[in-house]
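Visitor: Below you will find the structure I want to go over with you.
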Amino acid sequence: MSLLGKRIRAPREDDDLLDEGLSSSEELNSASGGDEDGELEDAETVRVPFLIYDDKELLEIADLPPIGQSDLEDSPSEKEGENDIESSLSQISFGALAKVQRSLGPLKKGSKRKHRGQEEEEEEEEQDNGNTKYKKSKLDALNELRERIRRAKEGKASKSGQSKDEEAAVKKQKESRLSKHAPAIQSSKFAVSRRRVVVDGENVAQVKSRDPRFDSAVQSYSHSHRLGSHSDPAAAKNYAFLNDYRDAELKELEEKLRRAKNEDEKQQLKKTITSMNDRKRALEHRDRERQILSKHRKRERELIKEGKKEKAWFLKKADLKKEALKEKYESMGAKQRQKGIERRRKKVASKEKKEMPRSRRMVEG
């Protein structure tokens, strides 16, 4: 009896059946009022419903490993236990079996013991149901996750739209100047046009013929290089006829400007005339400075020869400019001198105003 309790354990799904068998056996014992042998016999019949399975099924229900030949050989105690189980099973009477059957009640129609194949099919169905439930729960979780992602994207899109508007407002505020005198802020980025300009004759700079004797590179030499130097009086004297040519060309351009009717042509002629006048004034100013410098050198040499000076005094650039300006105003007429002085005064005042600090400039302005 003790060996049966140790080796044979009912599965979880048969717990209810075990409870029913125990309760029915107790009722039968109390009703019969038998002796101790009868009580023992009834107690033994409690485990009878679970002994209708064969040995392999009992081992599978109890989750025990199958008993092999090696196990029987290695464990003689287990062999003796099995012999005891077989002897106890052979000693159970048919009356005890009938009592237990009556206590359990009649078997329902179609409630026969299920075969192992049917049990496996039911287990597979339960697994399929569990898989379908798992799949459904997984699909629900995926749908919920997609909904959250969609909401997050919508919120992000709305925030990005607001941020773009704010950035545009900040950019517009930055572009506005603090003062009308401040330079305008303009981005250096610009869209590159897909249209490409093909190099043609109009866009190519025309090669101008030049005379190396009057080239600026040649004329920029120091005073030691006499040939080609702008301070060389011999070169200025030899090419003095070029000034007459320039004056004649200037008169022709002024006549063309007077007769021209096209606005573009007029603008081009005006630009050329202004450039020639500026060059003429620059040449006159240079000739004036050259004459002043030559006079100063001649005077210093005479003083040294007379013994009034031991060393020559070289004229500075600032003093040279002052002497040239003085000689310029002396050669002018009264009206021209007045206009020139007024123009000079405005130029100096504008220059001083630019160099003045901003606070003082605003007060005086």
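Glycine too: its Cβ is placed from the backbone N, Cα and C atoms.
So Swiss-Prot lists these for the protein:
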REGION    1-43  region 'Disordered'
COMPBIAS  20-30  compositional bias 'Low complexity'
COMPBIAS  34-43  compositional bias 'Acidic residues'
REGION    62-90  region 'Disordered'
REGION    103-191  region 'Disordered'
COMPBIAS  119-128  compositional bias 'Acidic residues'
COILED    134-162  coiled coil
COMPBIAS  137-178  compositional bias 'Basic and acidic residues'
COILED    242-286  coiled coil
COMPBIAS  258-268  compositional bias 'Basic and acidic residues'
REGION    258-299  region 'Disordered'
COMPBIAS  277-292  compositional bias 'Basic and acidic residues'
REGION    329-365  region 'Disordered'
COMPBIAS  336-348  compositional bias 'Basic residues'
COMPBIAS  349-365  compositional bias 'Basic and acidic residues'
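Burial and contacts for the listed features, if you can.
Guide: Under 8 Å from some Cβ of the compositional bias 'Basic and acidic residues' (277-292) lie the Cβ atoms of residues 230-231, 233, 236, 243, 246-247, 250, 315, 320-321, 323-324, 327-328, all in the same chain and six or more residues away from its ends.
Residues 328-329 of the same chain, all 6+ positions outside the compositional bias 'Basic residues' (336-348), place their C-beta atoms under 8 angstroms from a C-beta of that stretch.
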Visitor: When DSSP states are grouped into helix, strand and coil, how many residues of the compositional bias 'Basic and acidic residues' (277-292) land in each?
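Guide: DSSP composition of the compositional bias 'Basic and acidic residues' (277-292): 16 helix, 0 strand, 0 coil.
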